[in-house]
Amino acid sequence: VVVAIQSRTLASTTTNITMLSTTTNPTSERSTALLSSEDVEFVQQTKSLDSFLEEAYQNKTGGTKWGYWFLMGSLGIANASDASEILCLSYILTDESFRQTILHHTAWRGSLLASTVYFGMFLGGLLVGTLSDFPGVRGRRGRGRHSMLLAALWCNSIAAVLSAIAQNVYQLALLRAIAGLGIGASIPPLFTLTTEYAPPSQRGFFVTYVASFWMVGAIYVSLVGWLLLGYWSVSWRIFTVTCAFPTTLGAILVQFLVKESPRYLAVHGRYDEALPIIHWLGRSMKCHHNDNNDEPVMTLQDLQSLYTVSNNNNNNNNANTTSHTNLDRRCSGLSKFFRTTKDLYRGDLVRTTIPLQIVWFALSFG
């Protein structure tokens, strides 16, 4: 039942993401209303990234889309790693050797360990995770979703392995907080990548698919805990290292099988980097060329015309607000975070945002 509720909640979240994306999509009614008639006609003649993904996914001539499923599966394993790291502490706290050598049979030490993980998750999700959408300042490029997800997974993995050699509760609490930082930082870019990789008609399905791997991680920890701590009675330190395996595997898969979001690159003007990734996505869906078999399904001109018009329009709107522009340049990531958050509580979105937050808050007690 919990799995079904979580999957349904995440599927509903993609509806929020899709609705919110219309505020930044250059071809939306809200955006095109601010463009000239010539720009509107020019933009409407180009192929959008969503339409490319939809056409590529609906292509039936290439056979099974194994590459695309492996891509989404890699993101799923990255999600499973979060579950394994969060839940492993519940099994460690019940180990008699751990209670004697680390906790010294005191309740407050166990509470300290449990709280530090969630404190790290809070900081990671709120602060570090938002950097995945940071555009960069003073000529420096932003990190993007892929780099932040990879950094979060390796942070989680290294902290989890080092936890096995902790000598007291304070060292272990610090390492669990660092692991929690990686867990919290991985969630925003993980589901953002899933959403931006998926075609519009299948976003709810693929977000649910990736989210379902949380229970794969939970089942993995329960089986390993039953075998190592219960059946074979090995040290809790070996169990801790074993629980770090999904995180390490997820980091390796994300490193080699997942690339940066093409939408993120295109929005920030990095068209030459975005186009090869778009073609790579098309190949993973068994879609290579158009009917003439001599042109890519999506061209560099499509990307440049689609996103350049939007960026120029935003620049024109801010031409007379120099102080505001300077403020955006200095703290553009933070200001964008607050603007986007405010959009979630406006219009029709607020009717979806608040119930979803209530459901997530209630599920956390489980």
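Cβ coordinates come from backbone N, Cα and C, glycine included.
The domain 'Major facilitator superfamily (MFS) profile' annotation in TrEMBL covers 68-366. What TrEMBL lists as transmembrane segment is 112-134, 146-166, 172-193, 205-232, 238-258.
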### Task
Would you kindly list the residues that approach the transmembrane segment (172-193) from elsewhere in its chain, counting only those six or more residues past its ends and only Cβ-Cβ distances under 8 Å?
10, 13, 75, 78-79, 81-82, 85-86, 89, 102, 112-113, 116-126, 128-130, 132-133, 145-146, 148-149, 151-157, 159-160, 162-163, 166, 207, 210-211, 247, 258, 261
#### Entry: Residues of the parent chain within Cβ reach of the transmembrane segment (112-134), under 8 Å, 6 or more residues beyond its termini
85-86, 89, 93, 142-145, 147-149, 152, 169, 172-174, 176-189, 192, 264, 332-334, 336-337
